[in-house]
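In what follows, a single structure is set out as structure tokens and then discussed.
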Amino acid sequence: MKFQKNFNNNAALVEDEQALEWIVIGNGVGFGKQPGDLVDEAKIERRFIATGSKGFDATQIQALTAINAKMLAIMSEIVALVEPALNTKINDRQYLILADHLQFAVQRIDAHVTLTDQSLLWELRNLFPTEYQTAQQTIALINQKLGFTLPDGETVPLTYHFVNIKNGDSEIEDTMTMTKLVANIIGIVQKNFGIILDEDSFNYSRFISHLRYFIIRRLKKAQEPVTQLDPALLAMMITRYPQAYQVVQQISAFLKHEMNWTLQSDEEVYLLLHIWRVTQHQQTE
């Protein structure tokens, strides 16, 4: 790859052997380079195609090249922290959005602007503990590397970004909707059974995962084949788990009212089983 233009020491425009232009990111990748110089590809940590049908648009390129050198320098460490924590790979779009968000968070500190909106903090911390803890660790890393003190208020929006990454590029609005829906469903279960669910239990984690998958699928309007259940099976489960079934009916009414969603019979059965599992242990203690 040949150097074309320097955005800063850690971001440059280069051209490959097929005359395609790329924006490359890496510590010192553009330092001391002149047009036509070969780029040390060992220094390239991330590359974004800048031309052709798969390229970023002008706004995205502008956002990418506007990220300051200090933030770009630690993005590789942030990615190395986040990817194994969330058990996922950060794609180019997610990388850009995350870097842009973190830089804006740092700029808020420079401008003495502090986020005070802590709405849904409890829900995020308890429904998405991995993403929340990863947000805390990321903020600690930034504070250590850049000498800033990002406030706790930054944990909430960063957690939303990590939930989006985990869910595969969901929109922030979808994540907020999902958080509120899950919190309400948990509230319905706890109120009807008169218990506080054990957030550290395996069955609770499975229940939350089931709700997340179900809500994301509905928000994205993903079509899945409906499983035709034996009516006798459904009748047996209603008889065997009457309290759980009553809760399912309340959740179904809530989702119809809030989202205009209608639960299919197979969705009701899966939800019933998860509710029974997550409550039975605590009820028998």
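Numbering starts at 1 and runs along the chain as it is shown here.
Placement of Cβ uses the backbone N, Cα and C atoms for every residue, glycine included.
As written in TrEMBL, here are the features:
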- 66-172: domain 'PRD' (DOMAIN)
- 173-285: domain 'PRD' (DOMAIN)
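Counted with DSSP, the domain 'PRD' (66-172) comes out as 80 helix, 0 strand, 27 coil. Sorting each residue of the domain 'PRD' (173-285) by its DSSP state yields 86 helix, 0 strand, 27 coil.
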